[in-house]
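Working notes, structure below.
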Amino acid sequence: MSQELLIETELEDEVQPWEYLNSANLKRGQKDFEKDDTQIQNSTLQDSLDHMYNALSVPRAHTVKQNVKAYYQDGQWRSELKGNFMQTMGVVRNDWCYLTEEEIIYLVERGTVEPIWVKNGQEVTMDLQSVYAMCATDLVRYQVYSNLKRCGYIVQRYTPRECATVRKPWYLPTMFRAVLRRLDILNWFIFPAFTSSWLKSKFLTYSSIFESIRLQFKPQRQAAPTYPLDITFDVWKPDPRFTKKSPPLPDFQIVIVDVSSTRFPTKNQLDDLFKRVEYQGRSQESLSEAQGGAKEKKRLKDGSNCVLFALVDNGVINYMRLSQGNLSSANVIPTKKARGPTQRTTK
Amino acid sequence: MTQASPISISVVAGQTFLLFNIDDIKYVRQLGIVGSLVGTLPAAPQQNLFLGVPLQLMAEEALWLVEHGYAKLIPDDRFIRDIYDHLSDSDIMLIERELEQTRQKERSWKIQEHQAKLDRLGVTKRGGSNDKELIEQGLTVVVNNTPSRLPSYVFFKRLYEESDILQKNLLSGLRKDTLSYRVFSYLKSTGYYMAPGLRFGGRYIAYPGDPLRFHAHLIVNCVGWNEDIGLVNMVGGGRLATGVKKLWVIGSQDPDKDQNVQCFSVEWAGFG
(Lines of atoms letter the chains of each structure in order from A and count residues from 1; the text may use other names and numbers.)
(Lines give C-alpha, C1' and ligand atoms only; values in the text may rest on other atoms or scores of the structure.)
Protein backbone atom coordinates (compact mmCIF):
# COMPACT_ATOMS: atom_id res chain seq x y z
CA MET A 1 0.00 0.00 0.00
CA SER A 2 2.68 2.45 1.01
CA GLN A 3 4.71 1.57 -2.05
CA GLU A 4 1.77 2.19 -4.36
CA LEU A 5 1.09 5.55 -2.85
CA LEU A 6 4.68 6.63 -2.88
CA ILE A 7 5.40 5.51 -6.39
CA GLU A 8 3.74 8.68 -7.59
CA THR A 9 6.43 10.90 -6.14
CA GLU A 10 9.53 11.41 -8.21
CA LEU A 11 12.73 9.57 -7.41
CA GLU A 12 14.41 12.87 -6.82
CA ASP A 13 11.80 13.87 -4.25
CA GLU A 14 13.17 11.44 -1.73
CA VAL A 15 16.66 11.07 -0.38
CA GLN A 16 18.01 7.86 -1.89
CA PRO A 17 20.19 5.31 -0.12
CA TRP A 18 23.62 5.61 -1.67
CA GLU A 19 24.05 1.87 -2.19
CA TYR A 20 22.11 2.37 -5.39
CA LEU A 21 24.71 4.65 -6.89
CA ASN A 22 26.73 1.60 -7.85
CA SER A 23 23.88 -0.53 -9.09
CA ALA A 24 23.34 -0.41 -12.81
CA ASN A 25 19.77 0.81 -12.74
CA LEU A 26 18.89 3.45 -10.22
CA LYS A 27 15.81 2.40 -8.35
CA ARG A 28 14.01 3.35 -5.19
CA GLY A 29 15.62 2.00 -2.06
CA GLN A 30 13.68 0.62 0.88
CA LYS A 31 13.33 2.95 3.82
CA ASP A 32 11.75 2.59 7.25
CA PHE A 33 8.86 4.48 8.76
CA GLU A 34 10.39 5.24 12.13
CA LYS A 35 13.21 4.46 14.51
CA ASP A 36 13.03 1.17 16.35
CA ASP A 37 16.56 1.30 17.80
CA THR A 38 17.36 -2.19 16.55
CA GLN A 39 20.88 -3.18 15.68
CA ILE A 40 19.90 -3.97 12.11
CA GLN A 41 18.38 -0.57 11.50
CA ASN A 42 21.42 1.20 12.90
CA SER A 43 23.82 -0.88 10.87
CA THR A 44 21.92 -0.41 7.58
CA LEU A 45 21.92 3.33 8.22
CA GLN A 46 25.64 3.27 8.93
CA ASP A 47 26.11 1.27 5.71
CA SER A 48 24.24 3.91 3.74
CA LEU A 49 26.28 6.70 5.31
CA ASP A 50 29.54 4.89 4.60
CA HIS A 51 28.54 4.43 0.95
CA MET A 52 27.76 8.12 0.73
CA TYR A 53 31.03 9.24 2.33
CA ASN A 54 32.97 6.85 0.12
CA ALA A 55 31.34 8.27 -2.99
CA LEU A 56 32.05 11.80 -1.77
CA SER A 57 35.68 10.96 -1.08
CA VAL A 58 36.48 9.83 -4.62
CA PRO A 59 39.11 12.38 -5.67
CA ARG A 60 38.29 14.90 -8.36
CA ALA A 61 40.99 13.91 -10.81
CA HIS A 62 41.93 13.40 -14.41
CA THR A 63 45.11 12.23 -16.16
CA VAL A 64 47.89 14.45 -17.49
CA LYS A 65 46.82 13.45 -21.00
CA GLN A 66 43.27 14.78 -20.49
CA ASN A 67 44.47 17.81 -18.56
CA VAL A 68 42.98 21.14 -19.58
CA LYS A 69 44.15 24.18 -17.65
CA ALA A 70 41.85 27.12 -16.99
CA TYR A 71 43.55 30.32 -15.85
CA TYR A 72 42.05 32.92 -13.56
CA GLN A 73 43.38 36.39 -14.24
CA ASP A 74 41.86 39.86 -13.90
CA GLY A 75 38.50 38.43 -12.92
CA GLN A 76 38.25 36.32 -16.07
CA TRP A 77 38.48 32.62 -16.72
CA ARG A 78 40.09 31.32 -19.88
CA SER A 79 41.00 27.78 -20.75
CA GLU A 80 43.25 26.13 -23.29
CA LEU A 81 41.63 25.20 -26.59
CA LYS A 82 41.23 21.54 -25.72
CA GLY A 83 38.43 19.22 -24.71
CA ASN A 84 34.94 18.25 -25.83
CA PHE A 85 33.21 20.84 -23.69
CA MET A 86 34.27 23.56 -26.14
CA GLN A 87 31.64 22.37 -28.57
CA THR A 88 28.88 23.85 -26.46
CA MET A 89 30.58 26.07 -23.87
CA GLY A 90 32.68 29.22 -23.73
CA VAL A 91 33.60 31.86 -26.28
CA VAL A 92 36.82 31.54 -28.28
CA ARG A 93 38.88 34.70 -28.61
CA ASN A 94 42.63 35.10 -29.31
CA ASP A 95 43.52 31.41 -28.88
CA TRP A 96 41.72 31.14 -25.55
CA CYS A 97 38.33 29.82 -24.61
CA TYR A 98 36.69 32.32 -22.26
CA LEU A 99 34.28 30.76 -19.78
CA THR A 100 31.41 32.21 -17.78
CA GLU A 101 31.22 31.76 -14.02
CA GLU A 102 28.74 28.89 -14.12
CA GLU A 103 30.69 27.15 -16.87
CA ILE A 104 33.95 27.19 -14.94
CA ILE A 105 32.44 25.99 -11.65
CA TYR A 106 30.67 23.17 -13.48
CA LEU A 107 33.80 22.07 -15.34
CA VAL A 108 35.97 22.17 -12.22
CA GLU A 109 33.35 20.41 -10.12
CA ARG A 110 33.02 17.45 -12.47
CA GLY A 111 36.82 17.20 -12.73
CA THR A 112 37.21 18.21 -16.38
CA VAL A 113 39.53 21.22 -16.04
CA GLU A 114 42.29 22.21 -13.63
CA PRO A 115 41.79 25.75 -12.28
CA ILE A 116 45.00 27.78 -12.07
CA TRP A 117 45.70 30.96 -10.14
CA VAL A 118 48.28 33.10 -11.94
CA LYS A 119 50.56 35.27 -9.84
CA ASN A 120 53.66 37.06 -11.17
CA GLY A 121 53.90 34.55 -13.97
CA GLN A 122 53.75 31.64 -11.53
CA GLU A 123 50.93 29.14 -11.42
CA VAL A 124 49.16 27.58 -8.44
CA THR A 125 46.50 24.89 -8.80
CA MET A 126 43.29 26.08 -7.17
CA ASP A 127 40.63 24.01 -5.43
CA LEU A 128 36.84 23.80 -5.58
CA GLN A 129 36.21 26.07 -2.58
CA SER A 130 38.40 28.80 -4.08
CA VAL A 131 36.69 28.57 -7.45
CA TYR A 132 33.30 28.94 -5.76
CA ALA A 133 34.54 31.94 -3.80
CA MET A 134 35.99 33.62 -6.88
CA CYS A 135 33.00 33.26 -9.13
CA ALA A 136 29.82 32.38 -7.31
CA THR A 137 28.07 35.71 -7.56
CA ASP A 138 24.74 33.98 -8.09
CA LEU A 139 24.70 30.47 -6.72
CA VAL A 140 21.05 29.86 -7.53
CA ARG A 141 21.77 30.48 -11.19
CA TYR A 142 24.73 28.09 -11.06
CA GLN A 143 22.68 25.35 -9.43
CA VAL A 144 20.02 25.44 -12.13
CA TYR A 145 22.75 25.52 -14.77
CA SER A 146 24.53 22.46 -13.43
CA ASN A 147 21.27 20.60 -12.86
CA LEU A 148 20.39 21.06 -16.54
CA LYS A 149 23.92 20.20 -17.67
CA ARG A 150 23.90 16.99 -15.66
CA CYS A 151 20.66 16.08 -17.44
CA GLY A 152 22.58 16.47 -20.69
CA TYR A 153 21.08 19.70 -22.03
CA ILE A 154 23.05 22.40 -23.79
CA VAL A 155 22.73 25.58 -21.76
CA GLN A 156 23.79 29.12 -22.52
CA ARG A 157 23.06 32.47 -20.98
CA TYR A 158 20.07 34.08 -22.61
CA THR A 159 20.93 36.54 -25.35
CA PRO A 160 18.20 38.42 -27.20
CA ARG A 161 18.38 37.46 -30.86
CA GLU A 162 19.50 40.13 -33.26
CA CYS A 163 18.15 38.51 -36.39
CA ALA A 164 14.63 38.35 -35.04
CA THR A 165 12.51 41.19 -36.30
CA VAL A 166 10.39 42.81 -33.66
CA ARG A 167 6.98 43.51 -35.02
CA LYS A 168 6.12 47.08 -34.13
CA PRO A 169 2.45 47.72 -33.52
CA TRP A 170 0.94 49.85 -36.20
CA TYR A 171 -0.50 53.02 -34.72
CA LEU A 172 -3.21 55.02 -36.42
CA PRO A 173 -3.29 58.73 -35.83
CA THR A 174 -5.06 59.38 -32.57
CA MET A 175 -8.06 61.23 -33.96
CA PHE A 176 -8.73 58.65 -36.62
CA ARG A 177 -8.60 55.97 -33.98
CA ALA A 178 -11.11 57.84 -31.84
CA VAL A 179 -13.51 57.98 -34.75
CA LEU A 180 -13.15 54.28 -35.37
CA ARG A 181 -13.88 53.56 -31.76
CA ARG A 182 -17.13 55.49 -31.99
CA LEU A 183 -18.13 53.43 -35.01
CA ASP A 184 -17.37 50.34 -32.98
CA ILE A 185 -19.87 51.42 -30.37
CA LEU A 186 -22.44 52.04 -33.06
CA ASN A 187 -22.06 48.41 -34.04
CA TRP A 188 -23.37 47.32 -30.71
CA PHE A 189 -26.59 49.28 -31.12
CA ILE A 190 -27.47 48.32 -34.63
CA PHE A 191 -26.05 44.85 -34.38
CA PRO A 192 -25.74 42.96 -36.61
CA ALA A 193 -26.67 45.20 -39.50
CA PHE A 194 -23.28 46.86 -39.82
CA THR A 195 -20.94 43.96 -39.27
CA SER A 196 -19.17 42.73 -42.31
CA SER A 197 -20.01 39.12 -41.64
CA TRP A 198 -23.70 39.89 -41.65
CA LEU A 199 -23.45 41.55 -45.03
CA LYS A 200 -21.67 38.56 -46.51
CA SER A 201 -23.57 35.78 -44.87
CA LYS A 202 -26.69 34.11 -46.06
CA PHE A 203 -27.32 32.20 -42.81
CA LEU A 204 -28.07 28.98 -44.62
CA THR A 205 -25.99 26.83 -42.27
CA TYR A 206 -25.36 26.69 -38.56
CA SER A 207 -21.71 27.36 -39.11
CA SER A 208 -22.37 30.66 -40.83
CA ILE A 209 -24.44 31.77 -37.87
CA PHE A 210 -21.75 30.65 -35.43
CA GLU A 211 -19.20 32.45 -37.51
CA SER A 212 -21.17 35.68 -37.41
CA ILE A 213 -21.54 35.71 -33.64
CA ARG A 214 -17.98 34.68 -32.90
CA LEU A 215 -16.21 37.04 -30.50
CA GLN A 216 -13.26 38.95 -31.86
CA PHE A 217 -10.39 39.20 -29.40
CA LYS A 218 -8.16 42.17 -29.56
CA PRO A 219 -4.86 42.09 -27.69
CA GLN A 220 -4.91 44.64 -24.91
CA ARG A 221 -2.12 47.11 -24.73
CA GLN A 222 -0.56 47.27 -21.30
CA ALA A 223 1.98 49.31 -19.48
CA ALA A 224 5.36 47.62 -19.05
CA PRO A 225 5.71 45.92 -15.65
CA THR A 226 7.65 47.73 -12.95
CA TYR A 227 9.79 44.70 -12.27
CA PRO A 228 10.15 42.82 -15.53
CA LEU A 229 11.28 39.20 -15.24
CA ASP A 230 14.47 38.21 -16.97
CA ILE A 231 14.99 35.10 -19.03
CA THR A 232 18.13 33.50 -17.62
CA PHE A 233 19.07 30.61 -19.87
CA ASP A 234 18.52 29.33 -23.39
CA VAL A 235 18.33 25.54 -23.32
CA TRP A 236 18.70 23.05 -26.17
CA LYS A 237 18.18 19.31 -26.24
CA PRO A 238 21.49 17.55 -26.83
CA ASP A 239 22.37 17.66 -30.53
CA PRO A 240 25.75 16.78 -32.08
CA ARG A 241 25.17 19.31 -34.86
CA PHE A 242 24.92 22.19 -32.38
CA THR A 243 27.30 25.07 -33.02
CA LYS A 244 28.03 27.88 -30.59
CA LYS A 245 28.50 30.39 -33.37
CA SER A 246 25.11 30.05 -34.94
CA PRO A 247 22.89 28.28 -32.44
CA PRO A 248 19.37 27.41 -33.60
CA LEU A 249 16.39 28.74 -31.69
CA PRO A 250 16.48 27.23 -28.19
CA ASP A 251 14.12 24.40 -27.28
CA PHE A 252 13.29 25.98 -23.93
CA GLN A 253 13.86 29.21 -22.12
CA ILE A 254 14.27 29.33 -18.37
CA VAL A 255 13.49 32.01 -15.82
CA ILE A 256 15.11 31.45 -12.43
CA VAL A 257 13.15 32.34 -9.32
CA ASP A 258 14.42 32.14 -5.75
CA VAL A 259 11.36 31.09 -3.76
CA SER A 260 12.52 32.82 -0.61
CA SER A 261 12.38 36.27 -2.17
CA THR A 262 9.89 36.14 -5.04
CA ARG A 263 6.13 35.93 -5.36
CA PHE A 264 4.15 34.35 -8.19
CA PRO A 265 4.58 36.48 -11.33
CA THR A 266 1.83 38.99 -12.10
CA LYS A 267 -0.15 38.92 -15.34
CA ASN A 268 1.68 42.04 -16.40
CA GLN A 269 5.05 40.42 -15.85
CA LEU A 270 3.99 37.28 -17.68
CA ASP A 271 2.59 39.13 -20.71
CA ASP A 272 5.80 41.07 -20.95
CA LEU A 273 7.77 37.83 -20.72
CA PHE A 274 5.65 36.07 -23.36
CA LYS A 275 6.36 38.90 -25.76
CA ARG A 276 10.07 38.19 -25.50
CA VAL A 277 10.21 34.39 -25.51
CA GLU A 278 11.62 32.75 -28.60
CA TYR A 279 11.98 29.03 -28.93
CA GLN A 280 11.67 26.32 -31.50
CA GLY A 281 8.15 25.49 -32.51
CA ARG A 282 6.68 28.74 -31.39
CA SER A 283 5.99 29.99 -34.91
CA GLN A 284 4.72 26.62 -36.09
CA GLU A 285 2.08 26.62 -33.41
CA SER A 286 0.26 29.51 -34.98
CA LEU A 287 0.53 27.99 -38.46
CA SER A 288 -0.94 24.62 -37.64
CA GLU A 289 -4.23 26.13 -36.62
CA ALA A 290 -6.16 24.54 -39.46
CA GLN A 291 -5.17 21.00 -38.54
CA GLY A 292 -7.76 19.15 -36.57
CA GLY A 293 -7.88 16.14 -34.32
CA ALA A 294 -5.18 15.18 -31.87
CA LYS A 295 -2.82 17.86 -33.03
CA GLU A 296 -5.40 20.52 -32.37
CA LYS A 297 -5.92 19.17 -28.89
CA LYS A 298 -2.21 19.22 -28.19
CA ARG A 299 -1.93 22.74 -29.53
CA LEU A 300 -4.68 23.91 -27.21
CA LYS A 301 -3.09 22.16 -24.27
CA ASP A 302 0.41 23.46 -24.91
CA GLY A 303 -0.67 27.02 -25.54
CA SER A 304 0.99 29.48 -27.81
CA ASN A 305 3.89 30.74 -25.74
CA CYS A 306 5.65 28.93 -23.01
CA VAL A 307 8.41 29.60 -20.57
CA LEU A 308 9.90 27.41 -17.86
CA PHE A 309 10.36 28.64 -14.31
CA ALA A 310 13.06 27.09 -12.16
CA LEU A 311 12.08 27.49 -8.51
CA VAL A 312 14.98 27.08 -6.11
CA ASP A 313 14.78 26.52 -2.34
CA ASN A 314 18.13 25.99 -0.64
CA GLY A 315 19.56 23.85 -3.40
CA VAL A 316 16.30 22.01 -4.19
CA ILE A 317 15.06 22.79 -7.72
CA ASN A 318 11.53 22.50 -9.10
CA TYR A 319 10.64 23.24 -12.70
CA MET A 320 7.29 24.77 -13.60
CA ARG A 321 5.94 25.45 -17.07
CA LEU A 322 3.73 28.47 -17.73
CA SER A 323 2.12 28.97 -21.10
CA GLN A 324 -0.50 31.13 -22.71
CA GLY A 325 -3.63 29.19 -23.51
CA ASN A 326 -5.12 30.22 -26.83
CA LEU A 327 -8.63 28.84 -26.71
CA SER A 328 -9.93 31.78 -28.70
CA SER A 329 -8.05 30.72 -31.80
CA ALA A 330 -9.46 27.20 -31.72
CA ASN A 331 -11.70 26.30 -34.59
CA VAL A 332 -14.77 25.30 -32.60
CA ILE A 333 -17.35 25.88 -35.30
CA PRO A 334 -18.52 22.55 -36.65
CA THR A 335 -17.83 22.12 -40.34
CA LYS A 336 -20.22 20.59 -42.85
CA LYS A 337 -18.87 17.09 -42.39
CA ALA A 338 -19.15 17.08 -38.64
CA ARG A 339 -22.03 19.07 -37.41
CA GLY A 340 -25.08 19.00 -35.27
CA PRO A 341 -26.92 16.11 -33.69
CA THR A 342 -26.07 13.56 -36.39
CA GLN A 343 -22.54 13.40 -35.03
CA ARG A 344 -23.55 12.61 -31.50
CA THR A 345 -22.84 9.05 -30.48
CA THR A 346 -24.79 7.36 -27.76
CA LYS A 347 -23.36 4.93 -25.29
CA MET B 1 33.46 11.71 16.89
CA THR B 2 33.95 14.91 18.80
CA GLN B 3 35.60 17.93 17.38
CA ALA B 4 37.58 20.18 19.67
CA SER B 5 37.44 23.36 17.61
CA PRO B 6 34.40 24.63 15.75
CA ILE B 7 34.18 23.93 12.04
CA SER B 8 34.02 26.77 9.54
CA ILE B 9 31.04 27.41 7.28
CA SER B 10 31.79 29.16 4.00
CA VAL B 11 29.52 32.11 3.33
CA VAL B 12 29.39 32.45 -0.44
CA ALA B 13 27.73 35.26 -2.41
CA GLY B 14 26.61 36.85 0.84
CA GLN B 15 23.82 34.43 1.70
CA THR B 16 24.69 30.85 0.83
CA PHE B 17 26.21 28.56 3.43
CA LEU B 18 28.45 25.80 2.15
CA LEU B 19 30.64 23.03 3.55
CA PHE B 20 33.50 21.77 1.39
CA ASN B 21 35.31 19.55 3.88
CA ILE B 22 34.05 15.96 4.04
CA ASP B 23 35.02 15.62 7.71
CA ASP B 24 32.90 18.68 8.47
CA ILE B 25 30.00 17.16 6.54
CA LYS B 26 30.30 13.98 8.64
CA TYR B 27 30.52 16.03 11.82
CA VAL B 28 27.34 18.07 11.27
CA ARG B 29 25.50 14.93 10.19
CA GLN B 30 26.16 13.50 13.64
CA LEU B 31 24.62 16.62 15.10
CA GLY B 32 21.48 15.95 13.05
CA ILE B 33 22.19 18.59 10.43
CA VAL B 34 21.76 17.11 6.97
CA GLY B 35 21.86 20.01 4.49
CA SER B 36 21.68 19.29 0.78
CA LEU B 37 24.54 18.13 -1.40
CA VAL B 38 24.53 20.43 -4.41
CA GLY B 39 27.75 19.73 -6.31
CA THR B 40 28.39 17.43 -9.25
CA LEU B 41 29.74 14.05 -8.16
CA PRO B 42 33.02 13.55 -10.08
CA ALA B 43 32.51 9.76 -9.95
CA ALA B 44 29.14 10.03 -11.72
CA PRO B 45 28.77 13.46 -13.31
CA GLN B 46 25.80 12.82 -15.64
CA GLN B 47 22.96 12.29 -13.15
CA ASN B 48 21.03 14.30 -10.59
CA LEU B 49 20.09 11.63 -8.05
CA PHE B 50 23.38 11.52 -6.16
CA LEU B 51 25.23 14.77 -5.77
CA GLY B 52 28.54 15.70 -4.19
CA VAL B 53 30.52 18.41 -2.43
CA PRO B 54 29.67 21.16 -1.50
CA LEU B 55 26.93 20.65 1.04
CA GLN B 56 24.52 23.57 1.23
CA LEU B 57 23.03 24.46 4.59
CA MET B 58 19.77 26.30 5.10
CA ALA B 59 20.26 29.63 6.87
CA GLU B 60 18.49 28.05 9.87
CA GLU B 61 20.95 25.16 9.95
CA ALA B 62 23.95 27.48 9.76
CA LEU B 63 22.51 29.66 12.49
CA TRP B 64 21.77 26.67 14.70
CA LEU B 65 25.34 25.40 14.36
CA VAL B 66 26.82 28.81 15.15
CA GLU B 67 24.49 29.45 18.07
CA HIS B 68 25.42 26.16 19.70
CA GLY B 69 29.12 26.81 19.26
CA TYR B 70 29.71 24.08 16.71
CA ALA B 71 30.68 26.39 13.86
CA LYS B 72 32.02 29.77 12.82
CA LEU B 73 31.20 31.68 9.67
CA ILE B 74 33.86 32.64 7.15
CA PRO B 75 33.27 35.12 4.32
CA ASP B 76 34.85 33.09 1.54
CA ASP B 77 35.30 35.85 -1.02
CA ARG B 78 37.65 37.79 1.30
CA PHE B 79 39.19 34.73 2.95
CA ILE B 80 40.22 33.02 -0.30
CA ARG B 81 41.52 36.23 -1.84
CA ASP B 82 43.65 36.86 1.24
CA ILE B 83 45.15 33.38 1.03
CA TYR B 84 46.15 33.75 -2.61
CA ASP B 85 47.30 37.35 -2.29
CA HIS B 86 49.70 36.39 0.49
CA LEU B 87 51.34 33.57 -1.41
CA SER B 88 55.04 34.36 -1.65
CA ASP B 89 57.37 33.03 -4.32
CA SER B 90 58.93 30.64 -1.82
CA ASP B 91 55.45 29.37 -0.89
CA ILE B 92 54.73 28.59 -4.52
CA MET B 93 58.09 26.79 -4.82
CA LEU B 94 57.23 24.75 -1.74
CA ILE B 95 53.82 23.77 -3.16
CA GLU B 96 55.49 22.91 -6.45
CA ARG B 97 58.03 20.72 -4.66
CA GLU B 98 55.37 18.86 -2.66
CA LEU B 99 53.40 18.25 -5.83
CA GLU B 100 56.48 16.91 -7.57
CA GLN B 101 57.11 14.55 -4.63
CA THR B 102 53.65 12.99 -4.79
CA ARG B 103 53.98 12.80 -8.55
CA GLN B 104 57.32 11.03 -8.21
CA LYS B 105 55.74 8.49 -5.86
CA GLU B 106 52.94 7.82 -8.32
CA ARG B 107 55.44 7.60 -11.16
CA SER B 108 57.64 5.01 -9.50
CA TRP B 109 54.60 3.00 -8.47
CA LYS B 110 53.31 3.06 -12.04
CA ILE B 111 56.70 2.00 -13.42
CA GLN B 112 56.77 -0.91 -10.98
CA GLU B 113 53.27 -1.97 -12.03
CA HIS B 114 54.29 -1.72 -15.65
CA GLN B 115 57.41 -3.87 -15.11
CA ALA B 116 55.42 -6.46 -13.23
CA LYS B 117 52.93 -6.63 -16.06
CA LEU B 118 55.67 -7.05 -18.67
CA ASP B 119 57.23 -9.82 -16.59
CA ARG B 120 53.91 -11.58 -16.36
CA LEU B 121 53.44 -11.39 -20.08
CA GLY B 122 57.03 -12.52 -20.67
CA VAL B 123 58.05 -9.51 -22.73
CA THR B 124 61.79 -8.99 -22.65
CA LYS B 125 62.19 -5.79 -24.67
CA ARG B 126 62.40 -2.99 -22.13
CA GLY B 127 62.81 0.69 -21.64
CA GLY B 128 61.31 2.16 -24.77
CA SER B 129 60.92 5.92 -24.52
CA ASN B 130 57.35 5.32 -25.64
CA ASP B 131 56.56 3.56 -22.36
CA LYS B 132 57.90 6.45 -20.32
CA GLU B 133 55.82 8.90 -22.26
CA LEU B 134 52.69 6.82 -21.72
CA ILE B 135 53.33 6.60 -17.98
CA GLU B 136 53.88 10.34 -17.82
CA GLN B 137 50.58 10.92 -19.62
CA GLY B 138 48.76 8.60 -17.24
CA LEU B 139 49.69 10.50 -14.07
CA THR B 140 46.76 12.08 -12.27
CA VAL B 141 45.98 15.73 -11.73
CA VAL B 142 43.92 16.23 -8.57
CA VAL B 143 41.75 19.23 -7.75
CA ASN B 144 41.12 19.34 -4.00
CA ASN B 145 37.95 20.38 -2.22
CA THR B 146 39.53 23.00 0.04
CA PRO B 147 42.65 25.17 -0.06
CA SER B 148 43.88 23.66 3.23
CA ARG B 149 47.28 22.73 1.78
CA LEU B 150 48.14 26.38 1.08
CA PRO B 151 50.54 27.80 3.72
CA SER B 152 48.52 30.78 4.90
CA TYR B 153 45.22 28.82 5.14
CA VAL B 154 45.38 28.15 8.88
CA PHE B 155 46.47 31.69 9.71
CA PHE B 156 43.66 33.43 7.86
CA LYS B 157 41.08 30.91 8.96
CA ARG B 158 41.88 31.67 12.59
CA LEU B 159 41.99 35.39 11.88
CA TYR B 160 38.45 35.38 10.51
CA GLU B 161 37.10 32.95 13.09
CA GLU B 162 38.43 34.92 16.02
CA SER B 163 37.30 38.33 14.85
CA ASP B 164 34.26 38.94 17.05
CA ILE B 165 33.08 41.95 15.06
CA LEU B 166 33.12 40.00 11.85
CA GLN B 167 31.29 37.04 13.36
CA LYS B 168 28.68 39.36 14.84
CA ASN B 169 28.24 41.11 11.50
CA LEU B 170 27.75 37.87 9.63
CA LEU B 171 25.33 36.61 12.26
CA SER B 172 23.22 39.75 12.24
CA GLY B 173 22.37 39.03 8.62
CA LEU B 174 20.84 35.73 9.72
CA ARG B 175 18.01 37.10 11.90
CA LYS B 176 17.48 34.51 14.58
CA ASP B 177 14.33 36.19 15.89
CA THR B 178 12.26 34.99 12.95
CA LEU B 179 9.38 32.61 13.53
CA SER B 180 10.73 30.11 11.02
CA TYR B 181 13.99 29.77 12.94
CA ARG B 182 12.13 29.25 16.22
CA VAL B 183 9.95 26.55 14.65
CA PHE B 184 13.09 25.00 13.15
CA SER B 185 15.00 24.86 16.41
CA TYR B 186 11.95 23.66 18.33
CA LEU B 187 11.46 20.68 16.01
CA LYS B 188 15.22 20.11 15.94
CA SER B 189 15.26 19.95 19.74
CA THR B 190 12.61 17.23 19.67
CA GLY B 191 14.89 15.08 17.53
CA TYR B 192 13.60 15.71 14.02
CA TYR B 193 15.97 16.00 11.06
CA MET B 194 14.98 19.03 8.99
CA ALA B 195 15.22 19.64 5.25
CA PRO B 196 14.03 22.35 2.84
CA GLY B 197 10.30 21.95 2.15
CA LEU B 198 9.91 22.90 -1.50
CA ARG B 199 9.52 19.29 -2.64
CA PHE B 200 6.27 19.00 -0.71
CA GLY B 201 5.12 22.59 -0.73
CA GLY B 202 6.03 23.62 2.82
CA ARG B 203 8.68 25.57 4.67
CA TYR B 204 10.47 22.43 5.92
CA ILE B 205 10.05 18.70 5.82
CA ALA B 206 10.89 16.81 9.00
CA TYR B 207 12.29 13.28 9.26
CA PRO B 208 12.15 11.09 12.38
CA GLY B 209 15.84 10.22 11.90
CA ASP B 210 18.49 10.37 9.22
CA PRO B 211 16.75 10.87 5.84
CA LEU B 212 18.92 8.16 4.36
CA ARG B 213 16.99 5.56 6.36
CA PHE B 214 13.59 7.10 7.03
CA HIS B 215 10.70 8.62 5.17
CA ALA B 216 9.70 12.13 6.16
CA HIS B 217 6.83 12.48 8.63
CA LEU B 218 5.97 16.15 8.58
CA ILE B 219 5.46 18.94 6.08
CA VAL B 220 6.02 22.01 8.24
CA ASN B 221 4.61 25.47 7.66
CA CYS B 222 5.24 28.54 9.81
CA VAL B 223 2.26 30.81 10.35
CA GLY B 224 2.19 33.95 12.49
CA TRP B 225 0.06 33.69 15.67
CA ASN B 226 -2.56 36.15 14.43
CA GLU B 227 -2.14 35.34 10.76
CA ASP B 228 -4.91 33.67 8.77
CA ILE B 229 -3.98 30.10 7.81
CA GLY B 230 -6.40 30.05 4.90
CA LEU B 231 -8.91 27.22 4.58
CA VAL B 232 -7.89 26.50 1.03
CA ASN B 233 -4.26 26.17 2.11
CA MET B 234 -5.31 23.79 4.83
CA VAL B 235 -7.37 21.59 2.51
CA GLY B 236 -4.72 21.63 -0.19
CA GLY B 237 -1.86 20.98 2.23
CA GLY B 238 -3.79 18.34 4.14
CA ARG B 239 -4.77 16.43 1.02
CA LEU B 240 -1.27 16.54 -0.42
CA ALA B 241 0.35 15.51 2.85
CA THR B 242 -2.01 12.59 3.35
CA GLY B 243 -1.49 11.53 -0.25
CA VAL B 244 2.26 11.18 0.35
CA LYS B 245 1.75 9.65 3.84
CA LYS B 246 2.87 12.68 5.80
CA LEU B 247 1.32 15.12 8.24
CA TRP B 248 0.70 18.74 7.40
CA VAL B 249 1.96 20.76 10.35
CA ILE B 250 1.67 24.42 11.25
CA GLY B 251 4.04 25.82 13.82
CA SER B 252 3.58 29.13 15.56
CA GLN B 253 4.33 31.08 18.71
CA ASP B 254 2.32 33.63 20.67
CA PRO B 255 4.39 36.82 20.58
CA ASP B 256 2.79 38.19 23.78
CA LYS B 257 3.40 35.20 25.96
CA ASP B 258 6.85 33.79 26.42
CA GLN B 259 6.10 30.17 25.71
CA ASN B 260 7.22 27.32 23.53
CA VAL B 261 6.50 27.02 19.85
CA GLN B 262 3.18 25.25 19.35
CA CYS B 263 2.55 22.85 16.51
CA PHE B 264 -0.72 21.57 15.09
CA SER B 265 -1.08 18.79 12.58
CA VAL B 266 -3.76 18.35 9.93
CA GLU B 267 -4.68 15.02 8.42
CA TRP B 268 -7.10 14.57 5.55
CA ALA B 269 -9.81 12.31 6.92
CA GLY B 270 -11.26 11.25 3.57
CA PHE B 271 -14.64 11.30 5.27
CA GLY B 272 -17.75 10.53 3.25
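Glycine is no exception: its Cβ is also placed from the backbone N, Cα and C atoms.
Please treat TrEMBL annotations as automatic predictions, because they have not gone through curation.
Lifted from TrEMBL, the feature list:
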{"type": "ACT_SITE", "residues": "B:Y207", "note": "active site"}
{"type": "ACT_SITE", "residues": "B:H215", "note": "active site"}
{"type": "ACT_SITE", "residues": "B:K246", "note": "active site"}
{"type": "DOMAIN", "residues": "B:7-75", "note": "domain 'TSEN34 N-terminal'"}
{"type": "DOMAIN", "residues": "B:179-257", "note": "domain 'tRNA intron endonuclease catalytic'"}
Which residue counts does DSSP give the domain 'tRNA intron endonuclease catalytic' (B:179-257) for helix, strand and coil? 27 helix, 20 strand, 32 coil
Within 10 A of the CB of B:K246 (active site), the number of other CB atoms across every chain shown is 21
Tell me, how many other CB atoms lie within 10 A of the CB of B:Y207 (active site), whichever protein chain they belong to? 23
The domain 'TSEN34 N-terminal' (B:7-75) resolves under DSSP into 18 helix, 25 strand, 26 coil
If one looks at the chain holding B:H215 (active site), which residues at least 6 apart in sequence have a CB under 8 angstroms from its CB? B:Y207, B:K245, B:K246
